[in-house]
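S.K.: Here it is, the structure, as structure tokens.
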Amino acid sequence: MGSKQPYLNGAYYGPSIPPPPKAHRSYNSPGFGCCCFSCLGSCLRCCGCCILSLICNILIAVAVILGVAALILWLIFRPNAVKFYVADANLNRFSFDPNNNLHYSLDLNFTIRNPNQRVGVYYDEFSVSGYYGDQRFGSANVSSFYQGHKNTTVILTKIEGQNLVVLGDGARTDLKDDEKSGIYRINAKLRLSVRFKFWFIKSWKLKPKIKCDDLKIPLGSSNSTGGFKFQPVQCDFDLS
């Protein structure tokens with residue numbers, strides 16, 4: 001018979017298990033390096049966002065300040081409307097051929113009066129269009145220029161060429177009357193892009209509407225005008 005096992009009093013769980021060795025964290029491990037770079041990248045992104053936000057806030061503040069300053073100067077000076085006149089006009093040719101092509105040669109001389117004492121005007125775009133009835137037949141461009149305060153500027157324009165112009169029944173009737181009298185009723189419109197200057201501050205671009213209607217211009221080659229001469233006309237100025 002085999003040898004007897006010694007008597008065990010109570011439960012027996014086997015030999016004790018030693019605790020696992022403590023893990024030592026290495027600060028040179030790849031995991032720790034990635035954490036550092038990740039934190040650094042987050043800080044840089046955060047700083048970049050803060051800088052961009054600061055720049056945007058500064059630009060907005062500057063724009064608001066300039067806008068308020070321009071408004072204050074506008075309210076102080078209360079600029080008067082610039083006045084436009086057709087001072088003289090010469091119609092050298094105005095005739096239709098059988099194909100409804102209008103042959104024209106029109107000289108329009110404008111006088112522009114800036115009545116303001118402290119406000120100058122930049123004319124960035126300046127074009128003149130001639131109309132017969134409601135049909136535009138030609139145009140001319142003027143080079144950009146600056147008009148000082150309390151200044152009168154004379155602009156000479158020439159609208160010349162040929163163009164297809166189809167007139168309605170009413171305009172055809174008017175044309176027959178004009179050909180008979182030798183005096184033609186022509187309208188002119190000015191297309192402008194202007195900026196006002198208050199001291200060192202310039203306004204935003206404005207596009208006023210200038211209409212010079214019902215210009216009665218004698219045809220130069222006509223002998224039926226009875227000595228009629230062109231009379232200066234003030235144009236309508238609309239800044240709305």
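Placed from the backbone N, Cα and C atoms, the Cβ positions cover glycine too.
For reference, Swiss-Prot lists these features for the protein:
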{"type": "TRANSMEM", "residues": "57-77", "note": "transmembrane segment"}
{"type": "CARBOHYD", "residues": "ASN109", "note": "N-linked glycosylation site"}
{"type": "CARBOHYD", "residues": "ASN141", "note": "N-linked glycosylation site"}
{"type": "CARBOHYD", "residues": "ASN151", "note": "N-linked glycosylation site"}
{"type": "CARBOHYD", "residues": "ASN223", "note": "N-linked glycosylation site"}
S.K.: Show which residues of the chain containing ASN141 (N-linked glycosylation site), separated from it by at least 6 in sequence, have their CB under 8 Å from its CB.
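M.R.: Correct list: PHE126, SER127.
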S.K.: Give me the long-range Cβ neighbours of ASN151 (N-linked glycosylation site): same chain, 6+ apart, Cβ under 8 Å, in sequence order.
M.R.: ARG113, ASN114
